[in-house]
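Engineer: Would you mind keeping the following structure in view while I ask a few things?
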Amino acid sequence: MSTPAMIRVMVVDDSSVVRQLMQQVLAQTPDIRVIGTAPDPVFALRKMQQQWPDVIVLDIKMPRMDGVSFLRQIMATRPTPVIMCSAHVGPDNALAAEALAAGAVSVIARPQLGVRDFLQQAVEELASAIRAAMQAREGQRAPKAPARLGLSPVKAGAREMLHDAAWGAVLQRYTADAVLQPPGPEDGLRPATARIVAIGASTGGPQALERVLGKLSQRCPGIVVVQHMPQRFTRSFAERLHRISGAEVKEAEHLDRILPGRVLIAPGGRHLVVRREGLQYYVETLDGPLVSRHKPSVDVLFRSLAKAAGSNAVGIIMTGMGDDGARGMRELADCGGATYAQDEASSVVFGMPKEAIQQGGVGDVITLEHISAVIEQYACR
């Protein structure tokens, strides 16, 4: 029987101590191999041109180029899962939000002092984050040939891990059936009420959602959103979106009603499920296993919406690595809902949309700039 391929990791950090310790602790894992380290993105790129890594572990503040700028160039040229591991991030830190918006799949806060103890204690969490980031590559567009990027310089607890609950060890891949109740005979076949829009996004999603929600008015239909994002960042993300949108945007709470002019953002570490009672829609935030490697999962949201709203459902799948949402979008289409996918040209990573298209669940492929207009057309008249 063939041996599974090792996950190749590049560590980019201006601290030689951190680079050495990271290499030492990851050497304890049988399936992860650090293929190189570098003190800044310029050195890193030279090494990566020789052997491209599967996952990059990246600091934020470094000489010659900061980590977020490097992250943006990587995502624009050769999308690769990136974990930000830095002493300069925290749940209320703008740098962490900026890194997630630029496409980081996870953010880990490490202390400035006691790094050795932190990494030794957190090796399993770090390894799990790397494995999950590697799995997120499934379904993304084929890597481009190694590119010549033009680079222009541009006291925490030892176990403070700010990554999503979804980055735990993945021992079994669950479907949304593990979270959702079996459909009843009348689910999806009830008389029509208001339209409900569900949006799913991952890598590149925060910036894309800013552009979409920033154009919405108070008369937009009720919207529910799953954006793969670490647990302690979703509230501040929703607050930022609220400031730029004409609609009310908030982090979803258990039993929140879905209303016209309101956008509910799934909280990190909880599945977002749409329910219906009479003519009213509301959400539940549920614990449960990772579905399609994520919690919250787009598949859970889409499939619950298909069950609750049937032909009144509108599904939009946006930029992101992996295949989360593809099965749920097919169910939305099968029950008569309208389904859309962001096009490749405007996606940071054309993974989730591509998988949804290939599984036959997408009715129309549209540009990022057109998504807000599509949403508004479903507003209550």
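Note: Cβ is positioned from N, Cα and C throughout, glycine not excepted.
Pulled from TrEMBL, these are the listed features:
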- 8-125: domain 'Response regulatory' (DOMAIN)
- D59: 4-aspartylphosphate (MOD_RES)
- 191-381: domain 'CheB-type methylesterase' (DOMAIN)
- S202: active site (ACT_SITE)
- H228: active site (ACT_SITE)
- D324: active site (ACT_SITE)
Engineer: Mean pLDDT over the domain 'Response regulatory' (8-125): what is the value?
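Structural biologist: So the average pLDDT across the domain 'Response regulatory' (8-125) works out to 89.
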Engineer: Enter the number of other CB atoms within 10 angstroms of the CB of H228 (active site).
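Structural biologist: That number is 29.
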Engineer: Sorry to bug you, but what's the C-alpha spacing from H228 (active site) to D324 (active site), rounded to the closest Å?
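Structural biologist: Counting only the Cα atoms, the answer is 10 Å.
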Engineer: Just to verify: the residue among D59, D324 with the fewest other Cβ atoms within 10 Å, which of the recorded positions is it?
Structural biologist: D59
Engineer: Around S202 (active site), how many other C-beta atoms are within 10 angstroms of its C-beta?
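Structural biologist: Result for S202 (active site): 28 neighbouring Cβ atoms inside 10 Å.
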